[in-house]
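Asker: Have a look at this one before I ask anything.
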Amino acid sequence: MRAILLLCLLQAPLAVSSFEWDTSNSTAGHVNPNEVCSIDKGSCNCCVMLKEVNRLKMHFDEKLSELEQEYTQTVKSLNSIEVGRVAVSVALLDTDRFMCFGPFTIDTIIPYKHVFINLGDGYSTETGNFIVPHPGVYSLAVTVYSDSGAATNPLAACASLQVNNQVVAGSKDKNTRDHEDSANIVVARQLNAGDEVAVKLPRGCFLCDDGNHYNTFSVFLLYPTEPLA
């Protein structure tokens, strides 16, 4: 019996799944398994054991395959979340000193220098452009502030939010009555990958700021419109 059990254990890793029964006692050359089990119980037990091992191995392989698929899908989902994180918030000046940007004789893109957050690295402090990384619906926001220095001085607080050099929304306040003024622009816009979003300062206008960061530009991906890679 011990020899038969040892033989089973040796054959199981080799994926032996069947036995050649001793049919010397069979008149037809074919043996009923029940009859064999009554003749050679050791061989019968060994066969049952190997069948159970094979069944368990098959069950294990199926479960392992399912777990591998679930793991792969989880990794894809996590990568998708990581790739889909797009958030930009910047301010005009990266200094505590009070300074003004403009006026200029031509419309000029505002290069916001102070970065609060730039998830996705879509914004460039050098160019002032935000390049859309993924198609989706985005929240775009601009705050505008200017200070003329005195109530009798000309005030020109202006800005225009643009996508691919096309004006989406703007704000303009030119007068000699206000010492200072501010405005806000907030829109939701569907954008495509590669679109360029920027804020332009119209000619003749100027914005003033300090360490309080009155002038800001923000972009957030609300939700993608296509599956993320």
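In case you wondered, yes, glycine gets a Cβ from its N, Cα and C as well.
Unlike curated entries, TrEMBL annotations are predicted automatically.
Reproduced below are the annotations present in TrEMBL:
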- 81-228: domain 'C1q' (DOMAIN)
- 1-18: signal peptide (SIGNAL)
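Help me understand the surroundings of these features in the structure.
Answerer: Per-residue pLDDT, averaged across the domain 'C1q' (81-228), gives 90.
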Asker: May I have the DSSP-based helix, strand and coil counts for the residues of the domain 'C1q' (81-228)?
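Answerer: Per DSSP, the residues of the domain 'C1q' (81-228) fall into 3 helix, 80 strand, 65 coil.
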